[in-house]
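What follows is one structure encoded as structure tokens, with my remarks underneath.
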Amino acid sequence: MEKNCGSGQSKLKALRMHIYFEVDFQEQAQHYQAVLHSRGVTVDLQPIEKLNARFLRLNPDLALCVDENGLWLSANGMKMQPDWKAEIPRLKRASLKSEMIARACQLGEKPVLVDATAGLGHDSLLMAYLGAQIQLVERHPILFTLLEDSKAQAQRDPFLSQFMDRIQLIFADSASYLKQLDQEEKTVDVVYLDPMFPQRDQNQQAIKKQAQVKKQMQLLHLLLPEDGEMDLGGHLLELAKKVAKRVIVKRPRHAIFLANQEPAHQWQGDACRFDAYFQ
């Protein structure tokens, strides 16, 4: 069951988006149009003859498209979706012992965990597979709808469907959601933060150049511009510490501490690290 806290789109500007689709997928396109409209997005339906690579190259503006694999975000000749099914090989290799994130979040204890920076949901997918009960919070209506579509597809997959009931999608602003938990005197075991735009290191060198970011993230950055409505996640740290026994922050290995707050403990990997803050 998905939850709508009513604040998902409150701080976002009015959104308008095209949905491109071939005639065979008109019904699905109309469904997505209705869902997005209910979340404050104006959607223009654009039936086209052939949704292929050539069409995407000739229509580089940010848009949505629908095909036999569901809803996609497209721009600059590329298209992407969270695609949880593509994560299955990674999940099958994963274990509580092999995954650093499992040690950081104590997944062996099957925690109740709020992922306050949803992104594409891949880390939450892994954590749910390893036993956590996930509250996946996302405020952007288009990204939330993409996540919702990925979960719906996962529920029809023999492997993924085994643990989809451990993931609850929540359409809300993360700060508002954490404040609500605090006001209601509710606590969770873990709050997980993975800011999409990590702060730069002390030398002001970008952690990753845009050209090196994989396709999915390139398109996500177009949808959620760093200098627009999205932030670096620092303000979430204090809110998270009020409602969780343990706050885990994923960072590029050489990034500065989130909100310049030194963690109580760290787990270091080759490319990233996990900073822990305890209540």
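Cβ from N, Cα, C; glycine included.
Owing to the predicted nature of the structure, the values given are computational and were not obtained by experimental measurement.
The feature S-adenosyl-L-methionine binding site is assigned by Swiss-Prot to GLU138, ARG139, ASP194. According to its DSSP assignment, ASP194 (S-adenosyl-L-methionine binding site) is coil. The Cβ neighbour count for ASP194 (S-adenosyl-L-methionine binding site), using a 10 Å radius and every protein chain shown, is 21.
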- Message: Between all pairs in GLU138, ARG139, ASP194 (listed as S-adenosyl-L-methionine binders), what's the biggest Cα distance, rounded to the nearest Å?
- Response: 15
- Task: Inside 10 Å of the Cβ of ARG139 (S-adenosyl-L-methionine binding site), count up the other Cβ atoms and send me the figure.
- Result: 24
